[in-house]
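Now, the feature entries from TrEMBL:
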type	residues	note
BINDING	Arg90, Pro91, Tyr92, Val114, Ser115	FAD binding site
DOMAIN	39-139	domain 'FAD-binding FR-type'
Amino acid sequence: MSFSYKNFSKFLLGGLSVGCVGGYFAYKNQNKPIGLNTEIYSPFTVSQITKVTPDASIFTLTPQGSIENMKNLDPISKVTIRNPDMQVQRPYTPLYINEDDFKFYIRNYEDGPVSSYIHSKKEGDTVELRGPFKTTKLDHTKFSRILGVVAGTGFAPIYQLAQNSKVPVDIIYCERPGQEPALKERLEKECPNVRVRTIQDRLISADDIFKWDGVDVPLSETLCIICGNPKFVGTVAGPKAEFGAKQGPVKGLLENSSFGKVWKL
Ligand SMILES: Cc1cc2nc3c(=O)[nH]c(=O)nc-3n(C[C@H](O)[C@H](O)[C@H](O)COP(=O)(O)OP(=O)(O)OC[C@H]3O[C@@H](n4cnc5c(N)ncnc54)[C@H](O)[C@@H]3O)c2cc1C
């Protein structure tokens, strides 16, 4: 079979088309922002803001780059968000992992440089994220029950863990007087293995932690996670060690408890 001039032109045209398409995608990717990564901040679009309480909203952040590093995450994963004007960063916990976007439940502190910066954003604006990072090295899969003792936005890490856990998860959710314990019903609806007990207008007691109906898992097989501001963590389980990520001794309401593990986030 002879290779005619006509065949040659077809071959050349085909080759050129493949080259052009390849070149176009190479050009496009070169201009595409880098996706989530641990080294540098990458841009995310504020695609939705849902007000949950007067001072807290769910922010849906969609990556402008690749979603690759948002997949295969282990709970409890977190990212940092920065206020570039002040070069301040803070950790935040996505409510769901292994999705194409992140949803964060974030409370606004008027004197807080990062939370107020995030709350100043409108849908369509850009914020910068870095991560993912592991919040704890603890292996939650070793336990047959999880008990969360949380306050305020400390609900977010246990929300993510509960979404990704098959064992029963009981949560004591403390909120400030007058603050509604947001997302409680949403989590219970999404996760049949979850029960949330709310506490408002009074201090948490040992009975709130230890007295639950219908529990057949011994405390020795239960992981107790505490998350909230330092005062709350100190009251429930004693303060974390001052330096590094050390846990410090278990004190407060959980002193002498027989939980398999007590873990302060
Ligand atoms: C691992 C981890 C995960 C987190 N995940 C979330 C999350 O998903 N959603 C979220 O909203 N926050 C979360 N936080 C808290 C968040 O990182 C910031 O601390 C918070 O948004 C305030 O930051 P800021 O820069 O605005 O204010 P800051 O400068 O940190 O504080 C400003 C003022 O607010 C007060 N304040 C700050 N945090 C609290 C608090 N928790 N309770 C009571 N008073 C407080 C401070 O005492 C201060 O007066 C997380 C923290 C950690 C350590």
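Cβ atoms here come from the backbone N, Cα and C positions, even for glycine.
TrEMBL feature annotations superimposed on the structure.
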residue	record	Cβ contacts under 8 Å, 6 or more apart
Arg90	FAD binding site	Thr80, Ile81, Arg82, Val114, Ser115
Pro91	FAD binding site	Lys78, Val79, Thr80, Phe133, Thr135
Tyr92	FAD binding site	Lys78, Val79, Thr80, Ile81, Phe104, Ile106, Ala156
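The maximum pairwise C-alpha distance among Arg90, Pro91, Tyr92, Val114, Ser115, the residues recorded as binding FAD, is 10 Å. In the three-state DSSP scheme, Val114 (FAD binding site) falls into the coil class. The Cβ neighbour count for Ser115 (FAD binding site), using a 10 Å radius over every protein chain in view, is 21. Helix, strand and coil counts under DSSP for the domain 'FAD-binding FR-type' (39-139) come to 8 helix, 48 strand, 45 coil. What surrounds the FAD site, by Cβ distance within 8 Å of the Cβ centroid and not counting Arg90, Pro91, Tyr92, Val114, Ser115, is the set Thr80, Ile81, Gln89, Ile106, Ile118 from the same chain. The predicted model assigns the domain 'FAD-binding FR-type' (39-139) a mean pLDDT of 96. The Cβ of Val114 (FAD binding site) has 20 neighbouring Cβ atoms from other residues within 10 Å, across all protein chains displayed.
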